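> Next up is a structure, given as structure tokens.
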Amino acid sequence: MNSVDIGRCRKRIVQYIWDPEPRNDEEPDASIWCLGVEYAPQPQKITANTTPGKLGNYQDELEAGTSKIDDVTAHGWPEAFVSDFESKIWMTYRSDFPPIPRLDNDEANHPMTLTVRIRTQLMDPQGFTSDTGWGCMIRSGQSLLANAMLTLCLGRDWRRGDKAEEEARLLSLFADHPDAPLSIHRFVKYGAESCGKHPGEWFGPSATARCIEALSAQCGNIAPRVYVTNDTSDVYEDSFLRVARSGSGSIQPTLILLGTRLGIDNVTPVYWDGLKAVLQLPQSVGIAGGRPSASHYFIGTQGPHFFYLDPHTTRPAVPYSIDGRLLSKTEISTYHTRRLRRIHIQDMDPSMLIGFLVRNEDDWEDWKGRVGSVVGKQIIHVFKGEEATYNQGRRGALDEVEALDDA
């Protein structure tokens with residue numbers, strides 16, 4: 001065994017000990033949900049015509065979490081669910097991208113963690129060429145927006161490998177370059193100008209939602225319209241329709257973003273069923289946030305556990321082409337993973353950004369009916385108008401979802 005093989009084996013052993021892949025053994029009879037789609041908990045039988053001589057061909061894929069020959073059956077997960085999970089766009093930290101200028105004043109430096117400040121001074125004198133250590137909420141927000149756009153462009157049943165050119169064009173909008181309309185550069189620029197968030201500072205759900213709203217509007221018809229609640233999980237129909245309706249009066253595809261806080265240090269148990277129901281709605285495009293000081297993108301649930309995509313992996317930035325060059329198959333693969341991760345709801349941070357994609361009038365009516373009939377305590381309320389709600393008041397409002405603090 002050569003040194004490369006030894007290094008790979010060591011990496012796999014360390015990962016197995018400190019960050020083992022979850023097994024379907026805690027709630028083996030509970031249905032698995034992924035953004036509104038339900039999967040039977042028991043895996044389908046799959047076979048792999050793999051001989052010992054061919055095993056080495058899959059080592060790189062196994063480490064990247066992209067191989068079809070993996071531990072899906074051994075860990076008890078149905079292949080249909082894992083394929084759906086793998087097809088979701090996974091935005092992560094990136095390195096070696098064009099610098100994001102930093103502000104050289106005490107006010108700008110104060111919000112940064114000590115580690116990021118030292119790294120910036122030593123390695124990035126012209127600005128940030130990586131978002132490692134501070135960009136996870138932006139990446140989670142990009143993931144939410146990208147998957148909403150993916151659903152609009154290619155459909156909810158799309159799976160990785162199909163219509164690669166269309167996917168590549170979508171991903172190019174999020175390239176780590178100042179000219180890409182939905183890049184981290186654009187998020188940071190708008191955050192500094194309009195949200196009081198300096199380059200290198202961790203974004204909260206509220207600032208992320210406002211960036212998504214503004215940047216999507218600048219994209220025209222490429223991105224959906226965006227309705228952002230005022231740091232609450234209350235949705236006002238009159239306000240939503242002003243955003244969603246076109247000149248003809250029909251509802252256009254609209255992304256609903258609700259920034260909320262479901263507790264103080266952890267998600268209050270009374271909201272557990274309501275939060276799980278969020279990812280079971282067919283309009284769901286996921287949840288960004290939800291992990292103390294480390295944002296993730298949550299897309300699935302089984303029992304009390306939530307499945308998520310973790311942005312805390314640093315990969316080289318994908319080159320941005322102004323002449324329309326499409327991403328290669330290898331470059332596209334860096335936006336996907338079969339590596340399942342999950343967390344118990346009691347360990348989630350209560351501050352989060354919840355997203356829904358409403359496509360048309362029927363979808364809007366369906367969504368309203370579903371959020372009003374969830375099991376357990378509701379976390380989302382829909383009202384006709386903000387003024388009427390203010391004048392009438394609402395019994396028990398102080399006992400419900402807390403306003404979001406994005407400080």
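Note that Cβ sites are derived from N, Cα and C of the backbone, with glycine treated the same way.
Residues or ranges marked as active site, nucleophile in Swiss-Prot (evidence: similarity to another entry): CYS136. Per Swiss-Prot, the feature active site maps to ASP310, HIS312.
So that I understand the layout, could you describe where these features sit and how close they are to other parts?
Counting only same-chain residues six or more apart in sequence, the Cβ atoms lying under 8 angstroms from the Cβ of CYS136 (active site, nucleophile) belong to TYR93, TRP202, ALA294, SER295, HIS296, PRO311, HIS312.
The C-beta environment of ASP310 (active site), restricted to residues of the same chain at least 6 apart in sequence and closer than 8 Å, consists of THR92, HIS296, ARG341.
Counting every protein chain shown, the number of other Cβ atoms lying within 10 Å of the Cβ of HIS312 (active site) is 15.
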> According to DSSP, does HIS312 (active site) fall in a helix, a strand, or coil?
coil
> For CYS136 (active site, nucleophile), just give me the three-state DSSP call.
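Where CYS136 (active site, nucleophile) sits, the three-state DSSP reduction gives helix.
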